[in-house]
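Asker: Once you've had a glance at the structure underneath, I'll fire off some questions.
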Amino acid sequence: MASSEIAVYEHESRRALGTLLALLAILLVGIVLSLAVGRYYIPVRDIGKAFLGGEVSDKIAQVLFVVRLPRVLAAVLIGGAMSLSGAAYQGMFKNPLVSPDILGSSAGAGFGAAVGILLSFSVAGVKTSSFVCGILAVSLTWFISQRFGKGSDNLFLLILGGIIVSNLFQSLISLVKYAADPTDKLPAITFWLMGSLSKATMQDVKIMLVPFAVCTGILIFCSGQLNILALGDEEAKTLGVNTVLLQGFVIVTATVLTAFSVSFCGMIGWVGLVVPHLARMMIGPNFKYLIPASALLGSSYLLIMDGFCRSVFAVEIPLGIVTSLAGLPFFLYLLTRQNKGW
């Protein structure tokens, strides 16, 4: 490698690291503001006193540690998870318009939750049912692509299988809603499907933390191979990348992240589509930096959206509605850039 190329690489690396540090700082500021802002304002100095063991009122402690902290941490984890899934899928499919629900995981998880609510499962039972059905939906998509495809690397049939499975589970969700009691179960199912972090608990955060950390580590480990995959499947195979194994790792990891996210907060759209593309515009296409940048930016994005939902109006707006309304204009912008490459 020529000295000029080394200098360019080092400059790009320093710029990317600087961007990551800036995104981390933005996230930390966002966490503090999210803890402070709400219908009951908590001064930043009281937040600092509470975390450092100082004396604060019981009301502040209750609002801070029981209501807001679990919700803020859940927003950080779920926003990061959805964005990581989107970045991984966009890299695997080599298309910036791909989102985490392309293989049917969101629709499957939504169906599982709807069935759990219809059958009066416990809160944990609804989340478990949602997660399991999300995994089953992607497994069905994979089976369809293998059964009717010419090879396991046929991404086109994988997408078609995802469309089939997504529509299947969306139809099943409609069937469950039709059968639900309109005075009790139907409103609960509808509200859950619109997405919300209002019922997040510290137990939820602890459960989500392990798969989030493991899946993030796997995607960072695969970042070099995702960079090579961007050159094309044939070139990647020539350079020694097992594309089938890589696709399997990405699909399993992204599915676990998506299914966990949907099972805990409902169907929140557009995060996994919009945020990875924003991160790519800020930091470039190198997955070594794009993966952590997507996670940090996704966490900040969902914090902002959730803060808007619970603070602007007298009645809390479902999170999925706000993320969809915010994502639509950016999607139109993506369409205008599609012919210019990504």
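Cβ atoms here come from the backbone N, Cα and C positions, even for glycine.
Heads up, TrEMBL stuff is auto-annotated, nobody curated it.
Annotations per TrEMBL:
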TRANSMEM  20-42  transmembrane segment
TRANSMEM  63-82  transmembrane segment
TRANSMEM  102-124  transmembrane segment
TRANSMEM  131-149  transmembrane segment
TRANSMEM  155-176  transmembrane segment
TRANSMEM  207-229  transmembrane segment
TRANSMEM  249-275  transmembrane segment
TRANSMEM  287-305  transmembrane segment
TRANSMEM  317-336  transmembrane segment
Asker: What stretch in 63-82, 102-124, 131-149, 287-305 has the biggest tally of Cβ pairs under 8 Å against the transmembrane segment (155-176)?
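Answerer: Per the Cβ under 8 Å count, 102-124.
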Asker: Have the transmembrane segment (317-336) and the transmembrane segment (249-275) got at least three CB pairs under 8 Å, pairs 6 or more apart in sequence?
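Answerer: Contact between the transmembrane segment (317-336) and the transmembrane segment (249-275): present.
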Asker: Given a Cβ distance threshold of under 8 angstroms, which distant residues of the chain, six or more beyond its ends, lie next to the transmembrane segment (102-124)?
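Answerer: For the transmembrane segment (102-124), the list is 89, 93, 130-138, 140-142, 158-159, 161-162, 165-170, 172-173, 176-177, 179-180, 185, 188-189, 192-193, 199, 251, 255, 258-259, 262-263, 266-267, 269.
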Asker: Give me the stretch from 63-82, 131-149, 249-275, 287-305 with the greatest number of Cβ pairs under 8 Å to the transmembrane segment (20-42).
Answerer: 287-305
Asker: What residues elsewhere in the chain lie close to the transmembrane segment (63-82), defined as a C-beta under 8 angstroms and at least 6 residues from its ends?
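Answerer: 27, 31, 34-35, 38, 40, 42, 47, 50, 56, 100, 197-198, 200-202, 204-205, 208-209, 212, 215-216, 257-258, 260-261, 264-265, 268, 271-272, 275, 294-296, 298-303, 306.
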Asker: Can you tell me which parts of the same chain pack against the transmembrane segment (287-305), counting only residues 6+ beyond its ends and a CB-CB cutoff under 8 A?
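Answerer: Counting only partners 6 or more residues beyond its ends, the transmembrane segment (287-305) has Cβ contacts under 8 Å with 16-17, 19-20, 23-24, 26-27, 30-31, 34, 72, 75-84, 86-88, 91, 216, 219-220, 222-224, 226-227, 268, 271-272, 274-276, 278-280, 319, 322-323, 326.
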